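Since the structure comes first, as structure tokens, the remarks are kept for the end.
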Amino acid sequence: MRADRLVLGAFLALLLLVPAILSPYYVTLLNYIGLYAMVALGLVLLTGVGGLTSFGQAAFVGLGAYTTAALTTATDLPGWLAWAGTSPWLTLVVGLLLTAVVAMLIGSLTLKLSGHFLPLGTIAWGISLYFLFGTMESLGGHTGISGIPAIGLLGWTLDEGGEIYYLIWAFLLVAMLTTHNLLDSREGRAIRALKGGRIMAEAMGVDTSRSRMVIFVIAALLACASGWLYAHMQRFVNPTPFGVHIGIEYLFMAVVGGAGYVWGAIVGAGVITVLKQWLQNWLPSLLGATGNFETIVFGLLMVLVLHRAREGLWPILKKLVPVRAVRKTIDADAEPLPRRTLPKAGELILEAKDVTRKFGGLVANNNMSLEVRAGEILALIGPNGAGKSTMFNQISGVDTPTSGEVLFLGKPVAGHDSREIARMGMSRTFQHVKLLPTMSVLENVAIGAHLRSDKGVLSSAWRLDRAEEARILKEAARQIERVGLAEHMYEEAGSLALGQQRILEIARALCADPCLLLLDEPAAGLRFKEKEALGELLKKLRAEGMATLIVEHDMDFVMSLVDRVVVMEFGQKIAEGLPDEVQQNPAVLEAYLGGVE
Amino acid sequence: MDMAIALILSQDGITNGAIYALLALALVLVFAVTRVIFIQQGEFVAYGALTLAMMQSGVLPATVWMLVVMGALVTVLDGGLALKAGQGRRAASVAGWNLGYPLALAAAVGGLAVNELPLAVQVLLTLAIVVPMGPMMYRLMYQPIASAPVLVLLIVSVALHIAMVGLGLLFFGAEGQRTPAFSEFSLELGPLMVSAQTLWVLMVSVLLIVALYQFFERTLYGKALRATAINRVGAQLMGISPTLAGKLTFFLAAFIGALSGVLIAPITTIYYDTGFLIGLKGFVAAIIGGLASYPLAAMGAIAVGLLESFASFWASAYKEVIVFTLIIPVLLWRSLCSHHVEEEE
């Protein structure tokens, strides 16, 4: 038996026994912790993993609670909606749909913008909905709605704390399992790339705006389900628990517990809920006044956590439980991922025609032309400031030329975003390494295969993606072995030396099965032996028909490897030809060594 | 609605809009220089207004003690560092400004019969108490994590906001306060009665905006802040201390906040938690300016003020909802204009 399963089993058994052992007071407390943890779980996904945040989660809880409250207590529903009021389970569906629509609306307004627009947008949304609940007569105004029926389940009526307890914790555990599964999948890797790796992820074909939307909607749905449970537990709703300040409290739970960890949600909800109970009893008598003084402690506690333990409590607790992380296994029998048919050797892959790029008065690229054919390695070299990186950006579609055009497989690159270009078969590495330092080498490389697979969020969440996942991991492992990083496969990518990180980027690019590889200074920081190995790899790829464009400073490396060289200076091409010819070219010698007087 | 009502509503809207404009300017400034989203701006408004109100009712404002505590903490931290580095004179100066000054102020406010002092002195004392909390707050709460991601800084701001609201309740109680107007006269413009306080608000706002403009265009410190806003690392390499820039920015923001509070206290009743909504309306205006453009933010603020006052006439229950929904078209427009994917800091 694995140690982690043993610990989990003990926890579940304990949960099962709680209503039999503890007094109703503690059962109620645990009910609240479960409800809050569900909302906090959404924020773990959104804030800790995705690097976004929302202060409007309480409003989504309110949306779930008020939807079911209004529908199940209404006596005069219009005919087309009458079906919905008959059972709480139907109102759950209605609430979830409504929440999804609202979340998508808010998301489509804010998610394309910088990350801080979402929290600001959700504050506004939270306040607006709170005032709406409070003023709409049909929703009972500030007095709220009472007489909400209890939930019926298979003939049982869950009208006592000890009964709905099981439903709440079942919901929470299912939500945790789903989130855990989702994060450990193709979509999960895309989501985990959102925090600090968006440009890289886009270059690997991940639609990061969509991934942001996905986690925002999931977080909203979790909050809505929590609200539904809340309404049927309390049998009464009013606007108070759904204001912006409660939304802030949810965020505190996630951060205090450990925003990057699924279990952090329970820890955070537990700590804050118990602390709040205790402070509410204790502070007013200490301060000699009545009011919600616990916010003072919470606020300062929060700052302390962010100063001293930004990862929250869970990583600290985790050290106390002797459970080791389980390594991913590579299934050697998994079917290989489909490959694209590579163009025939000698076929024209990339063609830049008279590319000019001006930044105001500065001409960074002037009438640059070059071409790369299948089965060939072309080097783009030149002194610092020659305009190589600008040219690289024009080719990879990051920037658009002022005039001239770049054709990839006969189609213009300009006007397409990085994702489409990746889909067409161009794959790149970055001059300043872009990888996800806390993810393993294997998972970093697996991001490269994003476009070669298509299982979505739902299949990931419910583990219907395992066959495809095995194929992705096998492909990633194959590319890692190919570039010679096999012994580091399970290490954190951030722990590798810079040279190895560059090699990792090549493995990731290869994992996308490209027909054109763009390498930005791949040999920088490599030792002699590593350079030799990299040279061998690139030669092998060339033999397979890969077209490679390489921007490099290391002349020995370039001259012994490539087929042709293009030399740039002051934004222009000053020479082009075989390595030996170029080395003799007077213009090149002058550019690199200075003129001969 | 007739012309007279429209004029009165416009007057209200522009008055409030002027305050929102000041707050929006402070928010844009703080965000540009320090990347902090200054949610607790509103609390400085409330602290300013309520500190003045407490003085006028003859009670020693509890904010003085908050200043003393914050100053003591700064003294321990910065003075300790200075002593460790063997800079005795520096340590003495830190202690003088952060401990000596608040204590002297507490003694002055406690010793004088502040409710009998002229209004101008009361206002000055209020600013003297509330404004230094800004740079102290930067020192204690933000400086240790100045390079953290925007998201972390935002969460710290929110945490400080709720802590300050809680403290506000403790200091000032749940009762709302209103201070007497600065002067009693009013001006008759056709059908419109313009109160003196409205003129005060408009005059001070315009003066402050002009002063800030001069500060940023003409003075070395203003230029240093602008440089930091444009490129933090570059400014640091030119010898501009990010810590100084942060403290100076927070000083300006706290000043604008507290002064706004003093200005509107005679117009609206201020409760310990009123600041949040006022600050957020400044935010809506700042968002209209994309958290970057000062003129757009100021115009946005006037629009927010006008929308609010007309909304309170037509649908007063939905006033807040309407104001906060104003950011939707703004966000939509910005969203449609943005194409490229950017990496978050």
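Including glycine, each Cβ sits where the backbone N, Cα and C put it.
Copied over from TrEMBL, here are the features:
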- B:20-39: transmembrane segment (TRANSMEM)
- B:59-83: transmembrane segment (TRANSMEM)
- B:95-113: transmembrane segment (TRANSMEM)
- B:119-138: transmembrane segment (TRANSMEM)
- B:150-174: transmembrane segment (TRANSMEM)
- B:194-216: transmembrane segment (TRANSMEM)
- B:248-271: transmembrane segment (TRANSMEM)
- B:283-306: transmembrane segment (TRANSMEM)
- B:318-336: transmembrane segment (TRANSMEM)
### Query
List, by number or range, the same-chain residues at least 6 past the transmembrane segment (B:194-216) whose CB is under 8 A from its CB atoms?
11, 14-15, 18-19, 21-22, 25, 181-188, 222-223, 225-226, 252, 256, 259, 263-264, 266-267, 298
### Message
I'm a bit unsure how to read this: which one of B:20-39, B:150-174, B:248-271, B:283-306, B:318-336 has the highest number of Cβ pairs shorter than 8 Å with the transmembrane segment (B:119-138)?
### Response
B:248-271
### Spatial neighbours of the transmembrane segment (B:150-174) far in sequence, C-beta under 8 Å, 6+ residues away
34-40, 42-43, 46-47, 50, 53-54, 61-63, 66, 137, 141-142, 271-273, 275-276, 344-345
### Query
What else in the chain is close to the transmembrane segment (B:283-306), if you only count residues 6 or more beyond its ends and a Cβ gap under 8 Å?
9-10, 12-25, 27-28, 31-32, 209, 323-324, 326-327, 330-331, 334
### Task
Would you mind listing the long-range same-chain contacts of the transmembrane segment (B:95-113), meaning Cβ under 8 Å and 6+ residues beyond its ends?
55, 58, 60-61, 64-65, 67-68, 70-72, 74-75, 78-79, 125, 128-129, 132, 136
